[in-house]
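Here is what TrEMBL records for this protein:
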COMPBIAS  1-13  compositional bias 'Polar residues'
DOMAIN    50-458  domain 'Major facilitator superfamily (MFS) profile'
REGION    1-41  region 'Disordered'
TRANSMEM  49-68  transmembrane segment
TRANSMEM  88-108  transmembrane segment
TRANSMEM  115-135  transmembrane segment
TRANSMEM  176-195  transmembrane segment
TRANSMEM  235-255  transmembrane segment
TRANSMEM  275-296  transmembrane segment
TRANSMEM  308-331  transmembrane segment
TRANSMEM  337-363  transmembrane segment
TRANSMEM  375-393  transmembrane segment
TRANSMEM  413-435  transmembrane segment
Amino acid sequence: MSLTDVSADTTPFFSDDNEGEGPTDNGVGSPQPEEEESASGVSDRRAKVIVVVLCYINLLNYMDRFTVAGVLPDIEQFFSISDGKSGLLQTVFICSYMILAPLFGYLGDRYNRKYIMCVGIFFWSLVTLASSFIGKEHFWALLLTRGLVGVGEASYSTIAPTIIADLFVKEMRTNMLSIFYFAIPVGSGLGYIVGSKVNDVAGDWHWALRVCLQHQTSHCLSVSGFVLSTFGFTTVAFVTGSLALWAPAFLFRAGVFTGEKQPCLKAPCDNSDSVLFGIITVVTGILGVTSGVQVSKKLRTRTPRADPLVCAAGLLLAAPFLYLSIMFAQASTVATYVFIFLGETFLSMNWAVVADILLYVVIPTRRSTAEAFQIVLSHLLGDAVSPYLIGVVSDSIKKSDSYMWDFRSLQMSLLLCSFVAVVGGAFFLATALFIEKDRHLAENYVPSGEQIEPVLEQ
């Protein structure tokens with residue numbers, strides 16, 4: 001097999017038995033230029049339809065993930081739980097997600113990915129429905145069901161990006177991945193908005209979960225650049241995981257502390273901050289992902305290290321704005337939201353670019369495994385631990401049971417996010433030192449004594 005053979009990278013996903021064979025080098029002529037962007041053998045229109053479907057499911061994925069954060073004050077009041085226990089809601093989900101990701105990555109590299117995803121999404125929907133019927137004496141059951149939701153999400157999130165990678169190449173691949181990763185901030189923001197608004201209308205936070213359910217049912221991993229970029233992405237997960245769960249609650253407590261809001265003494269609580277934070281998450285996600293991709297494209301004409309440099313810049317710029325948003329919370333609500341907007345915009349510059357780094361430094365037949373490895377590490381040290389850690393630190397700082405200390409303790413614990421963002425920027429700067437060599441090795445990799453097997457099943 002020649003070094004330029006792309007058959008292992010381009011086998012179609014949704015294909016019939018008599019279609020989907022990519023162009024092969026049979027020694028007669030050379031491939032036509034226009035086939036480069038559709039080397040999978042799937043028509044351009046069909047490939048884009050597949051991306052739309054995958055993006056829609058990813059949107060629902062993140063809506064479901066952050067609906068709980070959108071109604072967190074109501075959940076805390078319903079179950080009468082502390083900040084530490086509230087943080088566990090996100091932690092158990094992420095732990096399940098990261099533990100199962102390697103399994104689905106392994107299966108995705110070897111079996112039919114369409115069926116793996118369908119089974120996972122069906123299970124995810126059933127568990128989400130079950131979680132919406134839990135009574136106030138059974139908080140443990142809510143933790144259990146949130147953990148089981150990770151089964152379905154792991155089956156999808158591990159596999160979907162590699163399908164897009166198999167359908168497109170070069171610039172088109174980057175564009176499609178950027179569209180796919182728009183679903184992260186947009187879905188997250190809609191989770192806050194839909195969850196809080198449904199809670200307001202129904203007067204019961206359980207219905208927020210049921211609304212999301214209705215939508216649901218309808219190489220070598222030792223590469224230095226890959227490992228360093230994964231650690232960098234871990235810090236992104238840490239910060240976003242902390243903000244995803246705690247930002248609306250923090251803004252609510254700031255309002256109570258300053259006298260702008262009334263304490264939550266009975267449901268439904270004032271969730272207006274969840275709506276505003278959700279809108280900011282959607283807008284900043286779109287701006288951040290778009291600007292990250294565009295800046296990276298322009299910078300690539302000057303340096304092959306553009307991608308990790310853009311990721312580093314995003315984190316290093318996000319850190320001071322996140323710090324300011326936390327410290328200004330008791331002084332100016334407007335300033336707080338402005339700084340959150342800027343911080344989240346810079347933070348969101350990483351999503352699509354990090355995914356692209358993984359896909360070009362890892363050989364095609366190990367991309368699902370690499371995706372799973374990145375999911376495990378980034379969530380294990382990132383958003384699996386950060387919501388719980390922030391909650392525990394908040395509880396440990398709190399000196400008395402008062403509205404002032406409810407606010408102050410959470411404020412101090414959230415400052416950890418700015419420090420972690422700076423560490424992440426350093427990891428991406430280190431990634432830039434190795435990215436050229438690792439990309440060259442992946443592009444020229446040929447397994448000894450055997451042909452690369454197609455990464456997607458018929």
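Glycine is treated like the rest: Cβ placed from N, Cα and C.
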- Query: Residues sitting near the transmembrane segment (235-255): Cβ under 8 Å, six or more positions beyond its termini, same chain?
  - Reply: 65-66, 68-70, 72-73, 76, 86-87, 89-90, 94, 188, 192, 261, 264, 269-271, 273-274, 276-277, 315, 318, 322, 326, 329-330, 333, 336, 340, 344, 347, 350-351, 354, 378-379, 381-387, 390-391, 403, 406-407, 410-411, 414, 416-417, 420-421, 423-424, 427
- Query: Top stretch among 115-135, 308-331, 375-393 for CB pairs under 8 A with the transmembrane segment (413-435)?
  - Reply: 308-331
- the transmembrane segment (176-195) vs the transmembrane segment (115-135): three or more C-beta pairs under 8 Å (separation of 6 or more)? no
- Message: Using a threshold of three or more Cβ pairs below 8 Å, and leaving out pairs closer than 6 in sequence, do the transmembrane segment (375-393) and the transmembrane segment (275-296) count as in contact?
- Response: no
- Note on the structure: Per the Cβ under 8 Å criterion, with at least 6 residues separating them from its ends, the transmembrane segment (308-331) contacts 225, 229, 232, 235-236, 239, 243, 250-251, 254, 257-258, 288, 292, 295-296, 299, 337, 339-340, 342-344, 346-350, 353-354, 357, 407, 411, 414-415, 417-419, 421-422, 424-429, 431-432, 435
- Using a Cβ distance cut-off of under 8 Å, indicate which of 88-108, 115-135, 337-363 has the most pairs with the transmembrane segment (375-393). 88-108
- Note the mean pLDDT of the domain 'Major facilitator superfamily (MFS) profile' (50-458), expressed as a whole number. 83
- Same-chain residues at least 6 beyond the ends of the transmembrane segment (88-108) with CB under 8 Å of its CB atoms are 65, 68-69, 72, 75, 116, 120, 142-144, 146-151, 153-155, 157-159, 162, 241, 244-245, 368-373, 375-380, 382-385, 387-388, 391
